[in-house]
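Novice: So that we are looking at the same thing, I have put the structure below in structure tokens.
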Amino acid sequence: MTFLHPVADLSMSHLTAGTVSMQGANLSAVTEFILIGFSIFPHLQLMFFLLFLLMYLFTLLGNLFIMVTIWREPSLHMPMYLFLCALSISEVLYTFAIIPRMLADLLSTHRSIALTACASQMFFSFTFGFTHSFLLTVMGYDRYVAICHPLRYNVLMSAHGCACLVAWSWAGGSIVGLVVTSAIFQLTFCGSNEIYHFVCHVKPLLKLACGENVFTLAMGVGLVCITALLGCCLLILLSYAFIVAAILRIPSAEGRHKAFSTCASHLTMVVVHYGFASVIYLKPKGPQSLEGDTLMGTTYTVLTPFLSPIIFSLRNKELKKAMKKTILNKL
């Protein structure tokens with residue numbers, strides 16, 4: 001989850017400008033929005049459509065193949081792969097909430113989206129996106145227990161315990177999605193109805209809102225999301241601090257390599273996940289172009305989900321071996 005995080009990009013200047021422009025505009029309530037998005041690339045839309053369609057299909061097939069492999073291979077029926085299966089499900093649902101609509105808009109000249117549809121898209125993208133972050137955190141905890149407390153692993157990571165961790169991840173994602181969506185769509189949108197994005201995203205929607213509580217609500221939404229994301233990131237970093245300390249105490253180089261290899265795919269995915277999020281949402285303030293924001297937005301909504309099955313299938317030896325076995329059995 002990956003997903004779109006409304007992190008610290010809700011600056012006072014953006015919100016003040018948006019509110020002032022709304023005060024001078026026609027204050028009739030908005031019932032639908034126009035997604036500007038890729039309309040700024042009129043000659044490249046077909047190329048973008050084909051590229052994103054292929055990447056989306058690969059994302060779906062890759063995650064489905066991972067889920068089927070884990071389901072069919074008894075040797076993978078362990079907590080780490082249960083979490084990976086849940087992560088693949090959240091990835092599929094997250095991309096389904098965003099990419100089909102984006103692909104349809106690339107082939108259409110009518111890019112309007114109803115207010116309720118926009119709210120639904122925001123809710124599901126935030127829900128599945130934050131679920132993705134929570135699951136990555138749980139996977140970090142699983143690796144911490146496996147390496148730092150191997151003798152207690154079966155007790156701490158029992159089937160019931162793992163199911164609870166997955167359930168809490170989904171519940172947490174749903175709560176964040178509900179809180180953010182409810183807060184944004186209690187605002188009044190008036191004047192212009194053009195969203196300068198290819199998805200119903202918090203920042204461009206706040207620019208269309210009018211009223212005295214826009215800034216306060218924006219800060220509240222930003223605080224909720226920052227707290228959740230930084231909390232996940234800090235827990236993952238803490239887990240790996242203990243993991244690295246435990247690995248360094250292993251006397252043999254082979255033992256250290258074997259221990260670290262069990263974390264390689266998860267650590268790589270964490271770096272990609274938070275790396276792209278940081279580039280997009282924590283970039284320095286300054287002149288921004290719609291073209292740049294649109295292209296950078298695709299790295300998080302299209303590229304990160306595309307890379308996820310590649311990373312886990314190539315960097316995890318047991319999963320890669322099981323996938324080869326599944327393919328050979330089909331042949």
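Cβ coordinates are placed from backbone N, Cα and C, and glycine is handled just like the others.
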Novice: From the ranges 4-26, 119-141, 188-210, grab the one TrEMBL calls transmembrane segment.
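Specialist: Spelled out, TrEMBL records transmembrane segment over residues 119-141, not the other listed ranges.
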Novice: To the transmembrane segment (47-68), which of 80-99, 119-141, 294-314 is linked by the most Cβ pairs under 8 Å?
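Specialist: Per the Cβ count, the answer is 294-314.
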Novice: At an 8 Å Cβ cut-off, counting only pairs 6 or more apart in sequence, do the transmembrane segment (294-314) and the transmembrane segment (80-99) clear the bar of 3 or more pairs?
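Specialist: Contact between the transmembrane segment (80-99) and the transmembrane segment (294-314): present, because at least 3 Cβ pairs are under 8 Å.
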Novice: Tell me, what is the mean pLDDT of the domain 'G-protein coupled receptors family 1 profile' (62-312)?
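Specialist: That stretch averages a pLDDT of 89.
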